[in-house]
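**Q** Attaching a single structure in structure tokens format; questions to follow.
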Amino acid sequence: MSALLAIAATEFRILRRNRWLVIATALLSVFSLALTVSGATTSGALGVDLLTVSVASMTTLAVYLVPLVALLMSFEAIAGDAERGSLALVLTYPVSRGVLLAGKFLAHLLGLAIAVGIGFGLAGALAFALGGAGVSSGLALLRLMLGAVLLGAAFIALGYVVSGFSRSVAAAAGGAGFIWLVLVVLYDLVLLALVVWDDGGLFSRQVFPWLLAANPADALRLFSVTASADQALVTGMGAAVAALPQGAALVSLLLWPLLGLALARLVFGRRVP
């Protein structure tokens, strides 16, 4: 346990020194505050409070930005150490590769959680100050924060997988960008095309909701929607949620980090420094 915490502390210091923590916090804070201010003009028309509209907007922000930040934090984890020559030295220490990977994961996850907490927390405080926040919308914000951290955990793990396969930092960066493009952008475009082609048929009613839940980014959308009826109203995803068993989105968000870390450990175990 002491070795794990020591590795996590070292990696967290590296994270702060590389400015990724500051950059991630600034990005989430600026965009979240902007969405909250802009949401003030639409909340009255929808008949919901300001924070409810802001949470719906911040969910979309989290779907795109949190995976990107997580991958930027993690894509160098193995390939970067190998390229700098420090990986061979670290592996001579009496610490297993699993503990080393877990220490990196704890540090990166903590950094991401801090960025999410500050960024979304400031937006929630602003909405509360403007008088547009209730208990249900506050709980929806907390639910979004939890889901965003779980989503980030999944992409941190995927970043380790890419880093373990890559022989250079440049290759790892390209692989991380490819994963983000496929899972966050192209996946939804393909689903949208299939839904339009199906025109309300069997695929749209029964298969489409499960494909949404299978993707970690879309699982965050579904998880956030189930926070309240107001969220379902604002996002328009109530039908997809109703077609799934309760908790399906949360199970997906929990499984992705676990499976990603297991695969990363397997890849890292076969890596020759």
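Start at 1 and count along the chain as shown; that gives each residue its number.
Positions of Cβ are set from backbone N, Cα and C atoms, glycine also.
Just so you know, TrEMBL annotations are computer predictions that nobody has curated.
Taken from TrEMBL, the feature transmembrane segment applies to 20-41, 61-79, 105-128, 140-162, 169-197, 247-268.
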**Q** Which range wins on Cβ pairs under 8 Å with the transmembrane segment (247-268): 20-41, 140-162, 169-197?
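**A** Answer is 140-162, with the largest number of Cβ pairs below 8 Å.
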**Q** Checking distant contacts: for the transmembrane segment (20-41), what same-chain residues at least six beyond its ends satisfy Cβ-Cβ under 8 A?
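**A** That would be 50-51, 53-54, 57-58, 61, 65-66, 69, 72-73, 111-112, 114-116, 118-120, 122-123, 126-127, 130, 132.
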**Q** Other than its close neighbours in sequence, what residues sit by the transmembrane segment (140-162), given a CB gap under 8 Å and a spacing of at least six beyond its ends?
**A** 51-52, 55, 58-59, 62-63, 66-67, 69-71, 73-75, 77-78, 101, 104-105, 108-109, 112-113, 116-117, 120-121, 123-124, 172, 175-176, 179-180, 216-217, 219-220, 223-224, 227-228, 230-231, 249, 253-254, 256-257, 259-261, 263-264, 267-268
